[in-house]
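> Sequence annotations record features per position, and here TrEMBL assigns region 'Disordered' to 16-40. Annotation comment: TrEMBL describes 16-35 as compositional bias 'Basic and acidic residues'. According to TrEMBL, the domain 'CRAL/TRIO N-terminal' annotation covers 99-122.
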Amino acid sequence: MSVRRRSESMEGLFSFDERKDRRSDVENSEDERRRLSIGSLKKKALNASNKLTHSLKKRGKRKVENRPSFTIEDVRDEEEERAVFSFQQELFSRNLLPDKHNDYHMLLRFLKARKFDTEKAI
């Protein structure tokens with residue numbers, strides 16, 4: 001009987017070791033998968049970072065032209081200015097001019113499109 005118990009206990013130990021080996025294989029494969037996925041995520045992050053860095057470097061290398069800045073003078077014709085002013089006053093009196101359209105250049109374009117015919121424009 002003692003031999004039997006020993007052999008049974010030895011078989012139990014072997015089966016326990018086999019289970020442990022199987023578990024460790026599964027755990028190892030999961031660890032490898034995690035390492036691979038973490039590695040691929042690191043590669044993607046580095047790649048994105050490098051793309052951003054390189055694009056910023058490219059922008060920095062562009063030549064900047066040193067052109068002197070100048071202002072554009074607003075030259076207004078007196079007749080056009082009078083026409084726009086009278087048209088603006090007419091629209092105000094009829095309460096037809098919203099604030100967002102109360103701009104000299106916008107009103108001038110509007111009048112030019114109608115050949116300065118204020119009756120047609122109103």
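Quick reminder: no glycine exception, Cβ is built from N, Cα and C everywhere.
Because TrEMBL annotations are produced automatically, they should be read as predictions rather than curated entries.
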> Which value does the mean pLDDT take for the domain 'CRAL/TRIO N-terminal' (99-122) in this predicted structure?
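Taking every residue of the domain 'CRAL/TRIO N-terminal' (99-122) together, the mean pLDDT is 88.
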> Going by DSSP assignments with H, G and I as helix and E and B as strand, what are the residue counts for the domain 'CRAL/TRIO N-terminal' (99-122)?
17 helix, 0 strand, 7 coil
